[in-house]
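**Q** From TrEMBL, here are the annotated features:
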DOMAIN    263-355  domain 'Transglutaminase-like'
ACT_SITE  C271  active site
ACT_SITE  H329  active site
ACT_SITE  D352  active site
BINDING   N392, D394, E442, E447  Ca(2+) binding site
Amino acid sequence: IAATQPSTNWHLQENARDHHTSKFHSEELIVRRGQAFVVSFNGVEQPEQNLTFIAETGPKPSKLTKTQATFGISSTVSKESWSAVLQSTSSNSVSISISSPPNAVIGRYKLSVQSPSSGSSSPAILGTFVLLFNPWSSGDDVFMPDKAECEEYVLEEFGIIFAGNKNRISSFGWNFGQFQDDIINICLAMLDRSLNYRQDPVTDVSHRNDPKYLGRVLSAMVNANDDQGVLLGNWSGNYDGGKSPSSWTGSGEILQNWKKSGFRPVRYGQCWVFAAVLTTVLRCLGIPTRTITNFSSAHDADGNLRVDEFYDASGNNLNRTADSVWNFHVWNESWFSRSDLGPSYSGWQILDATPQEESGGIYQCGPASRHAIKEGDVDLDYDCPFVFAEVNADCMYWNYDPATGKKTLIFSQSTTIGEFISTKAVGRDDRVDVTNDYKYEEGSRKERDIFKKARKKLGLEDKFDPTAPTQQEIDQKPDISGKFKVAGPLEVGKDLNLILVLANLQSDAKTVHVNMTAWSTVYTRRPVHEIWKDSISVTVSPKEEKQFPIKIPYPKYQQQLTTDNMIQVTALCHVEGGIQVLVQRDINLDNPAIDIQILGEAKVNKEVEVEVTFTNPIDTEVTNCVLQVEGNGLLKQILEINVPPVKASETSSTKFKLIPAETGPKHLLVNFSCDKFPDIKTFKMVNVIN
């Protein structure tokens with residue numbers, strides 16, 4: 001090779017099209033492993049047949065760690081190793097097709113070429129390229145045979161996350177934005193900031209061919225615990241010093257902020273934020289990934305497949321243990337094979353970046369095979385017992401007397417944990433229920449057998465547990481039953497009207513003393529502020545049903561509400577001569593709606609006006625109104641607009657302009673906040689035409 005540096009043509013457009021990487025809009029070549037890409041360069045002397053290529057990645061590339069490959073020109077593509085096939089030559093330029101093996105290490109590579117005539121001088125550097133996982137290639141661990149699923153779980157930048165509670169499932173849009181500028185570099189930087197890389201960079205990089213390994217490392221890096229990762233969790237209800245978790249509308253802003261601050265953790269995240277950011281990073285790297293919402297999700301801190309909740313005589317949740325049942329919890333599923341476990345455990349794998357419990361000494365979780373969870377194979381890697389408990393734990397409700405330390409079982413439940421497990425449909429904005437992929441039908445013989453199998457594998461069957469209730473306690477039957485019924489709208493700004501219904505199940509009259517409380521909570525059901533309490537004493541005739549209306553006025557709860565808009569109402573019923581009955585309901589209040597209208601046709605590179613309207617439903621003015629808007633292909637960056645205060649019952653209208661950059665269906669995400677209604681979200685699909 002002459003002294004001149006060769007000039008390289010990476011054929012960016014053709015390669016990106018063939019490798020499903022066009023959405024990156026990158027100046028650097030981004031390709032997928034196990035598939036050929038074309039590169040041309042000049043400044044090479046004949047004959048080309050004797051050229052040697054070197055592809056290398058990581059801090060100390062070597063053949064031993066599979067981070068360096070040296071290969072000459074051959075007539076056919078090798079399936080097992082890197083190879084180069086001559087495409088064409090002209091007087092001074094060579095065009096080569098380069099293929100990587102389907103299990104190559106992913107990351108940024110340097111490509112060099114050496115020709116015999118250059119003697120012992122160092123190889124000429126052709127440049128760098130990025131290699132990703134390839135779900136379109138049958139040899140790859142992440143191979144996904146269904147092309148529509150590849151489109152959704154790797155290439156789709158818009159997602160829908162389900163939240164609320166099992167009685168009232170709500171949803172909101174999210175901009176994963178895995179193809180936004182610089183996100184791929186931030187994802188690669190994340191790998192280089194992990195504890196594993198810091199401890200042993202050479203070994204860490206050599207494992208980057210394995211989606212199991214990367215999934216686990218990234219589940220740790222997305223939370224800030226242990227490693228100064230991306231997001232700091234906060235479940236207190238007070239988010240001073242950062243952004244409230246419910247205010248984010250996409251991952252891009254979070255990842256960019258992390259990089260801009262010199263990689264200091266971004267404040268604040270809760271489960272869906274951790275899960276959404278992990279989705280972005282894994283989709284960006286080419287691992288098919290989706291978010292999953294589990295309703296009534298158990299956090300079993302002590303590993304006994306049981307969640308204990310304690311209440312005092314007034315009906316207050318005492319928050320005494322690390323165990324809890326969240327209204328919902330969001331985690332991830334990623335698609336890859338499990339050669340370590342066997343073919344039946346391949347497919348969807350659970351990863352969870354929310355820092356709940358340590359695994360291997362740090363806050364990381366997974367990959368747990370979804371099939372292993374369904375079959376109760378809790379002894380398999382990784383973290384199956386914790387995930388199994390999230391969807392299967394039994395619930396015990398106790399009355400606890402702080403003065404004496406005495407606890408009495410009120411009742412136990414084995415069918416209420418892990419319901420309506422939800423994810424977004426492929427190619428549509430609908431909810432799909434995947435509960436049956438996690439467990440056999442609740443209450444069925446098979447489901448109980450699997451639960452016993454899991455207990456046995458965890459060594460819980462034979463061990464005496466002094467904290468467990470006796471069979472006598474479990475079997476005791478209450479004299480009355482109770483429930484809270486909703487009587488009126490569940491909307492922030494309106495009074496909350498409920499009915500406590502008590503029914504006497506016996507043939508003699510019962511006297512009942514009822515202590516009632518209402519607390520605002522975060523979505524993990526952690527009590528934050530007491531809103532209301534009351535007590536009544538009643539006599540209920542044999543087989544009679546009595547109704548007691550309850551009204552909690554808006555001004556009474558308005559100050560206490562968290563951004564989750566959740567209220568937990570509890571009635572602890574002390575039945576004279578009988579056992580206590582706990583009646584409970586988690587109420588989710590809806591925010592008022594905001595509306596988006598596109599005023600005219602959305603065309604590429606043409607301005608189009610958008611109007612967002614909000615009607616103030618309460619009888620006081622709302623202030624500190626801010627509108628945040630984002631959308632890939634519609635806006636270059638996030639738009640933040642300060643909106644004037646909105647008087648009682650008035651409607652506010654805000655207009656702004658978009659210039660769509662590309663055709664096709666695009667999603668516009670809007671978040672409206674004011675002093676009385678934080679984080680009202682909506683999204684609209686905008687079809688952009690030529």
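Including glycine, each Cβ sits where the backbone N, Cα and C put it.
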**Q** Taking the Cα of D352 (active site) as the centre, which of the recorded positions listed as C271, N392, D394, E442 lie within 10 Å of it?
**A** C271
**Q** List the other residues in this chain whose Cβ sits within 8 Å of the Cβ centroid of the Ca(2+) site residues N392, D394, E442, E447, in sequence order.
**A** V391, S414, T415, I417, G418, K439, G443, R448, F451
**Q** Take the Cβ of D352 (active site) and count every other Cβ within 10 Å, whichever protein chain it belongs to.
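**A** Its Cβ shell of radius 10 Å holds 30 other Cβ atoms.
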**Q** Using a 10 Å cut-off between Cα atoms, which of these recorded positions sit near C271 (active site): H329, D394, E442, E447?
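**A** Of everything listed, what lies within 10 Å of C271 (active site) (Cα to Cα) is H329.
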**Q** Measuring Cα to Cα, how many Å separate H329 (active site) from N392 (Ca(2+) binding site)?
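**A** That comes out at 14 Å between the alpha carbons.
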**Q** Sequence gap of 6 or more, C-beta under 8 Å: which same-chain residues meet both conditions with respect to E442 (Ca(2+) binding site)?
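**A** When sequence neighbours closer than 6 are ignored, E442 (Ca(2+) binding site) has T415 within Cβ distance under 8 Å.
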**Q** Taking every protein chain shown into account, which of the binding-site residues D394, E447 has the largest tally of Cβ atoms within 10 Å of its Cβ?
**A** D394
**Q** Per DSSP, what is the residue count of the domain 'Transglutaminase-like' (263-355) in each of helix, strand and coil?
**A** 18 helix, 40 strand, 35 coil
**Q** State the mean pLDDT for the domain 'Transglutaminase-like' (263-355).
**A** 96
**Q** CB neighbours of N392 (Ca(2+) binding site) within 10 A?
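**A** Its Cβ shell of radius 10 Å holds 25 other Cβ atoms.
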**Q** Enter the number of other CB atoms within 10 angstroms of the CB of C271 (active site).
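**A** For C271 (active site), the count of other Cβ atoms within 10 Å is 28.
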